[in-house]
Amino acid sequence: MKQYLDLMKKVLEEGTTKDDRTGTGTLSIFGHQMRFNLQDGFPLVTTKRCHLRSIIHELLWFLNGDTNIGYLKENNVSIWDEWADENGDLGPVYGKQWRAWGAADGRQIDQLSKVVQQLKQDPNSRRIIVSAWNVGELDQMALAPCHAFFQFYVADGKLSCQLYQRSCDVFLGLPFNIASYALLVHMMAQQCDLAVGDFVWTGGDTHLYSNHIEQTHLQLSREPRALPKLIIKSKPASLFDYRFEDFEIEGYDPHPGIKAPIAI
């Protein structure tokens, strides 16, 4: 994960001091790209421990089209708690847009099902895209999509994916985002009988919060370790039938976790 550590250094060295929506303040750069060859290992940060259980459960929650934190709470995942209302609802966030995008004529479009169909029937298409940035529903969302738009690409029997993330919390959020989309590529590849290729991450406003600077320096003082391996223990009937128990990470030996406050 040298790419990730290099990004942290770049933000520290080149970032502009900016105010932000949360009132915390950031060091920010605009426009950055990283590429991870998923054949080389699962891109889970090793210079601090990442809570993989939360990453897996959140992705399964997205894939189910859910927008209430009930499932997450049942599985002791608290990453969305700060944004939910008193009933646990978040409005039409990722799961709703991925699985039931509302069209002007009243249809609900299951973008992920269409992607699976496209990858199987027309893998050379340049339109294999999922968007969470539904302009007509942004005001109803508890939090506008940060990882907003992603595209799949097939070449030489390998499935790659590029994500555009409009806003990126480099210290807390980005390790989750990288691992989550890498996991999605593995799942999608398995369903479509493809090997995994690259995960390409592209960031817009890419920032370190001012109250994460000390933690960032600590993380940069650590040597990265070998990447773990993802094992998917079974192949369910569809992309939407995976369970938490289907996944295993082998060889994950991270440095200790580093706590930092979340900006709301």
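Even glycines carry a Cβ here, placed using N, Cα and C.
Feature annotations, courtesy of Swiss-Prot:
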type     : residues                                                                              : note
BINDING  : Arg21, Arg126, Arg127, Arg166, Ser167, Cys168, Asp169, Asn177, His207, Leu208, Tyr209 : dUMP binding site
BINDING  : His51, Asp169, Ala263                                                                 : (6R)-5,10-methylene-5,6,7,8-tetrahydrofolate binding site
ACT_SITE : Cys146                                                                                : active site, nucleophile
Recorded positions near Ser167 (dUMP binding site) (Cα-Cα within 10 Å), from His51, Cys146, Ala263: Cys146
Max CA-CA distance, Å, over listed (6R)-5,10-methylene-5,6,7,8-tetrahydrofolate-binding residues His51, Asp169, Ala263: 18
Distance [Cα-Cα, Å, rounded] between His51 ((6R)-5,10-methylene-5,6,7,8-tetrahydrofolate binding site) and Asp169 (dUMP binding site): 16
Ala263 ((6R)-5,10-methylene-5,6,7,8-tetrahydrofolate binding site): nearby recorded positions from Arg127, Cys146, His207, Cα cut-off 10 Å: none
Rounded Cα separation (Å) that holds between Arg21 (dUMP binding site) and Cys146 (active site, nucleophile): 13
Spatial neighbours of Cys146 (active site, nucleophile) that are distant in sequence (at least 6 apart) but have CB under 8 A: Gln165, Arg166, Ser167, Cys168, Asp169, Gly173, Asn177
Neighbour tally for Ala263 ((6R)-5,10-methylene-5,6,7,8-tetrahydrofolate binding site), based on other Cβ positions within 10 Å of its Cβ: 20
Close in space, distant in sequence - Arg127 (dUMP binding site), Cβ under 8 Å, 6 or more apart: Gln118
Cβ-Cβ distance under 8 Å to Tyr209 (dUMP binding site), same chain, at least six residues away: Asp20, Thr22, Thr24, Gly25, Thr26, Asp169, Phe171, Ala260, Ala263
Binding-site residues listed as Arg21, His51, His207, least Cβ neighbours within 10 Å: Arg21
Sparsest Cβ surroundings (other CB atoms within 10 Å) among the binding-site residues Ser167, Asp169: Ser167
